Amino acid sequence: MEQNEFMEAIMYVNGVRRVLPDGLAHMTLLEYLRDLGLTGTKLGCGEGGCGSCTVMVSSYDRESKTCVHYAVNACLAPLYSVEGMHVISIEGVGHRKLGLHPLQESLASSHGSQCGFCTPGFVMSMYALLRSSKNSPSEEEIEECLAGNLCRCTGYRPIIDAFRVFAKSDDALYSGLSSLSLQDGSNICPSTGKPCSCGSKTTSEAATCNEDRFQSISYSDIDGAKYTDKELIFPPELLLRKLAPLKLGGNEGITWYRPVSLQNLLELKANFPDAKLLVGNTEVGIEMRLKRLQYPVLISAAQVPELNALNVNDNGIEVGSALRLSELLRLFRKVVKERPAHETSACKAFIEQLKWFAGTQIRNVACIGGNICTASPISDLNPLWMASRAEFRIINCNGDVRSIPAKDFFLGYRKVDMGSNEILLSVFLPWTRPLEYVKEFKQAHRRDDDIAIVNGGMRVFLEEKGQQLFVSDASIVYGGVAPLSLRARNTEELLIGKNWNKCLLQDALKVIQSDVLIKEGAPGGMVEFRKSLTLSFFFKFFLWVTHHVNNVNPTIETFPPSHMSAVQLVPRFSRIGKQDYETVKQGTSVGLPEVHLSARMQVTGEAEYTDDTPLPPCTLHAALVLSKVPHARILSVDDSAAKSSSGFVGLFLAKDVPGNNMIGPIVADEELFATDVVTCVGQVIGVLVADTHENAKTAARKVDVRYQELPAILSIKEAINAKSFHPNTERRLRKGDVELCFQSGQCDRIIEGEVQMGGQEHFYLEPNGSLVWTIDGGNEVHMISSTQAPQQHQKYVSHVLGLPMSKVVCKTKRLGGGFGGKETRSAFIAAAASVPSYLLNRPVKLILDRDVDMMITGHRHSFVGKYKVGFTNEGKILALDLEIYNNGGNSMDLSLSNLERAMFHSDNVYEIPHVRIVGNVCFTNFPSNTAFRGFGGPQGMLITENWIQRIAAELDKIPEEIKEMNFQVEGSITHYFQSLQHCTLHQLWKELKVSSNFLKTRREADEFNSHNRWKKRGVAMVPTKFGISFTTKFMNQAGALVHVYTDGTVLVTHGGVEMGQGLHTKVAQVAATAFNILLSSVFVSETSTDKVPNASPTAASASSDMYGAAVLDACEQIIARMEPVASKHNFNTFSELASACYFQRIDLSAHGFHIVPELEFDWVSGKGNAYRYYTYGAAFAEVEIDTLTGDFHTRKADIMLDLGYSLNPTIDIGQIEGAFVQGLGWVALEELKWGDAAHKWIKPGSLLTCGPGSYKIPSINDMPFQLNVSLLKGNPNAKAIHSSKAVGEPPFFLAASAFFAIKEAIKAARSEVGLTNWFPLETPATPERIRMACFDEFSAPFANSDFCPKLSV
């Protein structure tokens, strides 16, 4: 088969025709779009896991003669896979100059975009849903379509609110053919279902349709704003375009084939038996990118009609192997409505399983055959095919077809019964029979878009004999427990012929244990959990079948009603929330809920990030050469293979560094490039530059480094035992006399224990990156970096290049999220890129891939706390003795300051007369850990709340009673001797307790628990007191530069960085109020070291306080200069005043400066004012857990904070919601798994969870069903600008309310089996930890009641 020489390979992008040249078979759609300058589509992960690359693809379905619109991940889609299609990116939806689409305006005005990096992806997912909907989508459909999109900033609530309005619109406002035809009475474009005159033409005429490529749309107005009234139509040329075979080439000898008939495909398969067949590239793309596998021949089977065929008959359903999973889901939903209920039991099981399979973007392109033939041992669908009596139709290159039962198809790990000359043609699924039941099972870390830990498909066919039911046939299949989808053959044999009763259940549960054998140390870990799930799933299946057959035959032995909640499906509840705040307007803008200044740029994709910056001529691309072992001597570095790699320019090592190779934010204890010894996996050995990003990465992988391995320390415990601590990091705080208190008899009870908590990945959606270039012959170095600390970049680059700081400039426009992760570690990226840029005198761009970013840039510190607490029988706390350790990794970075804040916050909000705290920073052979929202404070408070819970358990009281009894009050003296002033803790706690209906909800939870054996609810309230300011005194300073122009507009530059937290917006509000002008007259452009020097990092939640005050200082200087002119004339506008001042030669520029007063702490005495003030807060949470699987959801969360007079209440509420959901990830979802003693199946020192496929941050489905936020009213804060308070970090810890609610629910479960004593629960409380803590007859065969799953700390 050869390419039709007369047929160009084309596509349309945003209505513009594009010819696709040969040679791009290696390229993804995302790379192509960004090369076109369409940078609104972002690269967030490169594996289809975050949704930031989402675009809409439209294609013409010749079978149905309709145009179909669907969202896809551009980062996985091969460029040639969209040949003959229309791709619409965010730029094609709407933009500021021509007008925003209603989706974009709604998202912006609803405060649904913070950092903005994920925003275009959300817009495109929703846009594709609207374009593909014949009727207005339901709220469930909206949330389902967003399941493949991640946001780290907002907590999702405002995004859902923004899009919810489209679920309420009239059906006629959507693009369905019938509704628009009825509405307009006009001709309908067959491609779009929208009015178009080409619809009245003949087919040949339509090809030359002269209608504009846009068509009018009619959506509900939102806020009366003006929107674009244009929608891109499907290009008429593509309607007539005949499908033709394609043969196109690519880099490294790749050839792309697209057959358009089964015969074409079989010919290709005969010629290239080892070729990779693909449809959506969702598996092959990952293999090529992450596993570095090479496939020289790729055959796209997507356009083969025979592989997309559907046939529904009296025997069942036959579907082609190339059918997309989203189409399969629609088909099953259709037949369930149309066929008798008893026939569709398997279809219903597939519907439920597909609903939680990946995200919408993946389901839209992934096909049935790919999922089957990949033969993944954790495939969600293969166990169901096997259990449902499905048959696979296989065709060889001669056209011979054979059938094989699905249950016999899988032979071993990634091995199937199919020869290299065969392909999967179709799948046949028979209808189920009366009394035949099929059920799906899956447990993952997260419900949405996650791979299974264990899954299953189960079927039983029953026959009635008298008053009893006997098993005629059965299939029990598990995934995630063996190298292949595993049939429990002995269990199946046991079941067949037996009476369906509880005795059979018990017998089957015993046999399953011998059918499913997982060895200790097996890949994937979680052995006890996985084994217990096999029993839990079967028990659920037995319950479910019994419930159904009882409706048919009421005489069948059944189970108590309290058991039946175990088989209820997890619904997609509509997420709702309330926001309660007062608006204290000050001047023209301060206090108002203004929209984020960049929101409308972000929703249109026009906002630029580091990777979007247009490249200077001759730019080189860099990749890092990284250590592959945790501790070793470097014997040699051989770059000979790299030199022969395509596009190679140079490799730069420590010997090439012009200045000093030793760097570090506080202590210069790190090498930029390792010289003799590496101390972690991922340590940078050198930087390689090439002509393209891909060529740089390819060449870097070819650099051969030889090592002599050395012993490694891979946990806090190992560090403690080896006394491996960073030098001079022991810290001590003391108040009262702990020993005397313990020995005096004052304490009725003394408890001792240990708290461990894992780390957390920042998972900012924008990876770290820098673009560095020289100017003036190399005399100056400039850079654009994704950083919270431009001054740090300036300092590092100056240091390693041997240049004065005055010749180095760092600029930052905005960040796609930071959360502390871009405070210090990002500076290493800029410094590494600066070396080749300086030496070669060429621009160098270094953007980290997601897996590299997660591996090398550090995380939230894991902690271990060892406590001893004395208290009275009433619950009054008397003494705390605490040893606290954090995992610093292989360098100091900010770990000491992190430890100090943890120690400061180890009282949380409690009055403790006698305190002794000793802290140490552990040296381990992991990449250096770093700042993360809360900066040690949450870890210190979590240790405290754990022993508070234990006191309550010891005294048989509810934890909230112990908390209230020990609250600090106005004037309390902390253990570091700072007096609490304006303490609003009691007030907000009392108000929250009432507004959340705490007592009523607790009673309702107890009632629910008494009636439900396998589902349990728990409630908890948690307070917080978070200190505001840097604990390093000199960092509490800020500068700003303000210019007033003669037209009355104002340009503000300050030292803070906008990373989604709304800093620029708040600062602009301060300036607008100061000058009594509208916010629209104030502009904040960027942060730059040549405008505001020596700026502190944007961190510690202090930026609004500091930079707002600095801007106000500058404004007041200008106002004072303007006053003589203003007092003499009555100016109508500020522009008139500014112009008059200009003519009077008055300086309209000012540099503002602010220092935070009253800060002084001495570690020698352990006394002083560590903080300027405190932000107080409290949260209530109600959760529900499935005790059989560990699955949980947060039913409700109520949060209240004291933020004084908020500068911008909606921005602050966005910070609260985002922090809470991020905190929910820390306490319950996100687990870093390292190669350590706890995970010996992982390569030592390596991070397994280095991408969204394995590391799960909260998705939309993980946010609380109801998320209510209120701000305490009437409490101005005299210690910050305009009586406000800091907000970024304080709410984070409040997610611990969900953690302790989970623990309460587990407590209720344990009480069912007589376990009433206190028990430990480590964070994160993943499904594994929840389930294994809920000890019962299904976990007992594998673990004791005190079993604690392994944790990397």
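Positions of Cβ are set from backbone N, Cα and C atoms, glycine also.
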Swiss-Prot annotation, Mo-molybdopterin site containing Gln788, Phe819, Ala1100 - matching residue among Arg633, Arg933, Arg950: Arg933
Per Swiss-Prot, member of Arg901, Arg1002, Arg1003 binding substrate alongside Glu823, Phe935, Thr1031: Arg901
Candidates Cys75, Cys115, the one Swiss-Prot lists with Cys45, Cys50, Cys53 as binding [2Fe-2S] cluster 1: Cys75
Thr1031 (substrate binding site) versus binding-site residues Glu283, Gly370, Gln788, Ala1100 - nearest by Cα: Ala1100
From binding-site residues Leu277, Cys367, Leu424, Arg933, the one whose Cα lies nearest Cys53 ([2Fe-2S] cluster 1 binding site): Cys367
Candidate nearest Cys45 ([2Fe-2S] cluster 1 binding site) in space, where candidates are the binding-site residues Leu277, Gly280, Ala1100 and distance is Cα-Cα: Gly280
DSSP residue counts for the domain '2Fe-2S ferredoxin-type' (7-93), split into helix, strand and coil: 14 helix, 29 strand, 44 coil
Whole-number Å value for how far Gln788 (Mo-molybdopterin binding site) lies from Gly370 (FAD binding site) (Cα to Cα): 43
Conformational class of Leu277 (FAD binding site) under the three-state DSSP mapping: strand
Sorted by sequence, non-Cys45, Cys50, Cys53, Cys75 residues with Cβ within 8 Å of centre, [2Fe-2S] cluster 1: Leu30, Lys42, Leu43, Gly44, Gly46, Glu47, Gly48, Gly49, Gly51, Ser52, Asn73, Leu76, Gly121, Arg850, Pro1252
Cβ neighbour count within 10 Å of Gly280 (FAD binding site): 28
Thr1031 (substrate binding site) - helix vs strand vs coil (DSSP): coil
Neighbour count (Cβ, 10 Å) for Cys50 ([2Fe-2S] cluster 1 binding site): 30
C-alpha spacing of Gln788 (Mo-molybdopterin binding site) relative to Glu823 (substrate binding site), in angstrom: 5
Nearest of the recorded positions (Cys75, Glu283, Leu424, Arg901, Glu1289) to Gln788 (Mo-molybdopterin binding site) - Cα to Cα: Glu1289
Output field, substrate shell: CB within 8 Å of site CB centroid, site Glu823, Arg901, Phe935, Thr1031 dropped: Gly820, Leu894, Ser897, Asn898, Glu900, Ala931, Gly936, Gly937, Phe1030, Ala1099, Ala1100
